[in-house]
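Data first, discussion second: the structure below is written as structure tokens.
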Amino acid sequence: MDAIFLQILNGLDKGGAYALIALGLTLVFGTLGVVNFAHGAIFMMGAFCAVTVEKILTLSMRVRDESVTFFEAYKETPYLEVWFGDTGKAIIDWSVPLSIILAIPVMLLIGIVMERSLIRYFYKRPHAEQILVTFGLAIVLQELVKSFFGANPLPQGAPDIVSGSAAIGAVFGLGEAVVYPWWRLIYLAFSLVTIGLVFSFLHFTTYGMVVRAGMADRETVELLGINIERRFTIVFGIAAVVAGLAGVMYTPVLPPDYHLGMDFLVLSFVVVVVGGMGSLPGAVLAGFLLGILQSFSSMTEVKDIFPGIDQIIIYLVAVVILLTRPRGLMGRRGVMES
Amino acid sequence: MSETKKTGIVTRRTILKGTAATTGAALIGGTFPMHFIKNAHAQTFRGDPGSASSVKLGFNVPQTGPYADEGADELRAYQLAVKHLNGEGDGGMINTIKPLQLKGNGILGKKVEFVTGDTQTKSDAARASAKRMIEKDNVAMITGGSSSGVAVAVQGLCQEMGVIFMAGLTHSNDTTGKDKKRYGFRHFFNAYMSGQAIAPVLKDEYGTERRAYHLTADYTWGWTQEESIKAATENIGWQTVNTVRTPVGAGDFSQYITPVLNSGADVLILNHYGKDMVNSLTQAVQFGLRDKMVNGKQFEIVVPLYSRLMAQGAGDAAKGILGTTNWHWSLQDEGSQAFVKSFGQEYGFPPSQAAHTCYVQALLYANACEMAGTFAPWEVIKQLEGFEFDGAGNGPTLYRAEDHQCFKDVLVVRGKQEPQSNFDLLEVVKQVPRAQVEYPADMFGGELGPYQV
Amino acid sequence: MTNTKIVSPKQDLIFMAILSVVVLTMPIWLQPFGAAYPDLMQKFMIFGIFAIGYNILFGLTGYLSFGHAAFLGVGSYTAVWSFKLLSMNVIPALIFGTALSGLFALAIGFVSLRRSGIYFSILTLAFAQMSYNLAYSVLTPITNGETGLQLTQGDARVLDRMAGIEADASLPTPNLFGIEGIGYSGFYICAALLLISFFIYLRIFRSPFGLKLRAIKSNQNRMGYTGFSTRPYLMTAFVISGMYAGLAGSLLAVTDPLAGAERMQWTASGEVVLITILGGVGTLIGPLLGAGIIKYFENIFSAFNETVLLNAFSFLPDWLAHPVAAVVGLFVGEGWHLTLGLVFMLIVIFLPGGIMEGISRLARLITNRNKAEPKSGAHENKEKEQASAGEV
């Protein structure tokens, strides 16, 4: 029972990450009709926003350690700590949440620049070309990150106060032994809130409603004298922000490296397609579904019956769903079909 | 073309007996360089520099993919080795390894040059890159790599091609066990040695009544390590609660970590390397495993194969974690100091264990050529087999003839609680003497194969 | 486009003859590019076969498979097993490798072709990834996992033993009745197979069957309305291209008897898509060019290091040579992926029809200058080409 409860939590947590990435991907696809293979790279860039902030905050006076003279071993005390003492220390401790402040404008800018300078020329081009050009872009972005930050993962700590575990078992009447890391709970809450915000934006604001109308029938909306293209640009920016924030918040769970985006790329596409191309609720649903199934399939009890099932579960589910539901869980007819 | 180059070979042991054979072979081969024709002449060999004034070595390291940083460090070490071999710089370990016949004038009087290639940490790409070095660049030796899969694959190729392979970082028992090759040599230690070295320390630190839970990367290296560590820990009285295989590159390991919490185990052993290890360790610590008390004992995590780069990736999570490593820059012996000094002066930071093993491998190969007086691989191999030396870190070392595995001291290390710098992440707990990690040569099976191919 | 023109069989024969000469003289004319060594030329041939096979599916029907690497892998594994169990002769290896990949393609195609568009792509991707993940882990007894399936001294080699061929001390090499699969002879084996495969591929392009496949690409519904059942045609195309991949995979094993699981990874499937698009989807020889360029990048560009660069720029004064080498170093050696990414982007942005479009544009530019044709005609042509260049 405890084990199952924990696996559900694991699944939700994973699902939260999948859903956030898939949400942006499907938003871009639904509005602009662009298959964006660089979306994983955007997620990775978000994570590196956190790395950059941490690097800036921990800038330090470099003191050569005289006991080791033949190479530059430094004893480093960050300026922030030198200048502000404990306050400085606390700021460094909170660098990941603080990165969000930087990540929002930066990712919005990256998204808009990307859309204006490249993606918009590909609206009318075949999907294969969109895939290729964005894939090329993804490689370029990740290689640039690699040449700045190296290939080794760069650890980012959660703030001390939430780096421990919550005795969540007591809340659900499962006993004291059932604990779960605070940060992962925060991540889950964060993903739910973000998903909620995106949906409210699209459903309850006029701006969002126009965007949705544009998704359904672009020409009519344009005929009404609305500059739908500009709105779509903003939507692309928002998708980048969502993926970027997902990346920032994920750094304490997964120390980021330059290849992070590619690791998530295939997976996020499977999530989007299982959910149904262009369907936002579908993407979210599929994200959580695949996360939970992935967790359960890795339990020893399950693996004893189906050896290696945790290696293939994602793809197996994708095949089964696509064969029983031709357009994914919630896909519309005529999207991405010849 | 290079036939003309070929006919000029005159070294101590290779004498072309008349030009008839050469001409015949050249006719068959048409316009093609002769060294591509296998066994064209009994005394010719691939990678022969002939009368050229320089000899080429092939450095095949991961430049893209997850081990790119390790690969970059290996390349730095090789470049340093080339400098030292050619008599530039301060000479590094050339001054400390004993016995050594290197004079700082290249190898056998030929200046050392090198070509590089990207293994991408994929056996296919690594073999393609090695083939290019052999077929196009005519290298005398290939070295490098950062995974056992690649090492075994390239070693197999080198055996077929008749070019010596000095393995880089490879830890699987198979490299010098089941898959050992006459043309392959490994200086790095292996999983069995890790188990033998760490078990007594685990016994001292955590006692004999422990229940271990293994998470193992689901591929050959992970399995051999799990097997070795399991055997070694069961030997000191530990029980093994469960062994769970995890997909390579799983990223999030939470679904494998939560079952550990209530399994009754009080030690978690992570048979992961590289990114998998960084992720699983970070997440295991995040799940509060190290704060737990189980069976009245403090819960512990062990990472049998450790490296400084990985400790760097895992950050705070690595503090206090025990593991083994081949070498560490803080060693105080003369050889290590000399190497760290010249590496540090050249690049501004200390070398990793991958850099160390690669540097030593390059020097050992060069020395074996000097000793043999030729680049002919079968002669060089005979010099390397059973070669005993000291002064390369890790104390007196033997290149065992039967399986081409180096035997030397193994380090048990622990993640430092209060690191003084970015590089000061591990402290050496114990330098386990060589005698303790030795094992019979036939323990892992395999056959070396012929001297001449 | 060349393939829509009516071409007489005689012209095809001339074309084949020219291609044969170009391919067989590769060891000579590739010298100046530093690519005239056996392994790379073998790779040109093998990935050429892989890519033209892929073009039969993607170029003609427009079905974008993201899982063709699985067939490549199956071909390799089968070939190595054939070496291990039956004989070091390449013929059984090639036959079994191709046939088994065909069967595998039949099974996967049967399921995947129930869907079209991106759903088809994801289904093929899912099957290939499952194959890769399993081959890397649980199927290790068959595939030898991470290390890759290799030959050993003690392999059965039943047919060889029956024929009285015993391996001597060194490992046997795959051979075609004594002609070795490695080195230059290996290249000629690959080249011969490429030419045969290309001829079949050419016939498929010109056949009524090829025309029907193109019709599926341009409008599958209309095909349906005219009473055609498109599934059998798609199935056939899928299986044929799977067999081409299997043949390429077996040849990989022939030239280098090791089969690694990475051959089935999604990046490998992606590679053949990139090769095809880079060269020119649906064009006859585009995929061959694409294969050449990508493999050249992977093997030659990745090998440039600082020393090589400094040598190359040694004509510059010292203070300039170092910074120039440093900047160029970003794009070669360990940065070769960056160049690859940039090349993809540039090609797709400016030459959506791939290199073949570049060539035909260049050709038009020259003929236009000679004949001073009105420019509008060329423009129209270009748009038509763009429209048919790479639809999903």
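Keep in mind that glycine also has a Cβ here, set from the backbone N, Cα and C atoms.
Distant neighbours of the transmembrane segment (A:15-35): 42-43, 115, 119, 122-123, 127, 130-131, 134, 187-188, 190-192, 194-195, 198, 211, 214-215, 232, 235-236, 238-240, 242-243, 245-246, 250, 264, 267-269, 271-272, 275, 277-280, 282-284, 286-292; these residues of the same chain sit at least 6 beyond its ends, with a Cβ under 8 Å from one of its Cβ atoms. The feature transmembrane segment is assigned by TrEMBL to A:15-35 (among others).
Annotation comment: TrEMBL describes A:42-61 (among others) as transmembrane segment. Beyond the ends of the transmembrane segment (A:42-61), by six or more residues, the same chain brings 21, 24, 74, 76-80, 82, 91-92, 95-96, 98-99, 102-103, 106-107, 110-111, 141-142, 145, 149, 154, 156, 239-240, 243-248, 250-251, 256, 258-261, 264 to within a C-beta distance below 8 angstroms of the stretch.
Look at TrEMBL and you will find A:98-119 (among others) tagged as transmembrane segment. Tertiary proximity for the transmembrane segment (A:98-119) is limited to same-chain residues at least six positions away from its ends with a CB under 8 Å from its CB atoms, namely 32, 34, 36, 38, 42, 45-46, 49-50, 52-54, 57, 91, 133-134, 137, 232-234, 236-241, 243-245, 247-249.
Summarising the annotation, TrEMBL assigns transmembrane segment to A:131-149 (among others).
Sequence-remote contacts of a segment are chain residues at least 6 beyond its ends whose Cβ falls under 8 Å from one of its Cβ atoms, and for the transmembrane segment (A:161-180) they are 1-2, 5-6, 9, 186, 252. TrEMBL lists A:161-180 (among others) with the feature transmembrane segment.
TrEMBL lists A:187-211 (among others) with the feature transmembrane segment.
What TrEMBL records for A:231-252 (among others) is transmembrane segment.
TrEMBL lists A:264-293 (among others) with the feature transmembrane segment.
Feature annotation from TrEMBL assigns transmembrane segment to A:305-323 (among others).
Taking Cβ pairs closer than 8 Å, the transmembrane segment (A:231-252) reaches residues 17, 20-21, 23-25, 27-28, 31-32, 39, 42-51, 96, 99-100, 103-104, 106-112, 114-116, 119-120, 156-158, 163, 183, 186-187, 190-191, 194, 198, 201, 207, 210-211, 214, 260 in its own chain, all 6 or more past its ends.
Panel annotation: around the transmembrane segment (A:305-323), residues 267, 270, 273-274, 289-290, 293-294, 297-298, 329 of the same chain, lying at least six beyond its termini, place a Cβ under 8 Å from a Cβ of the stretch.
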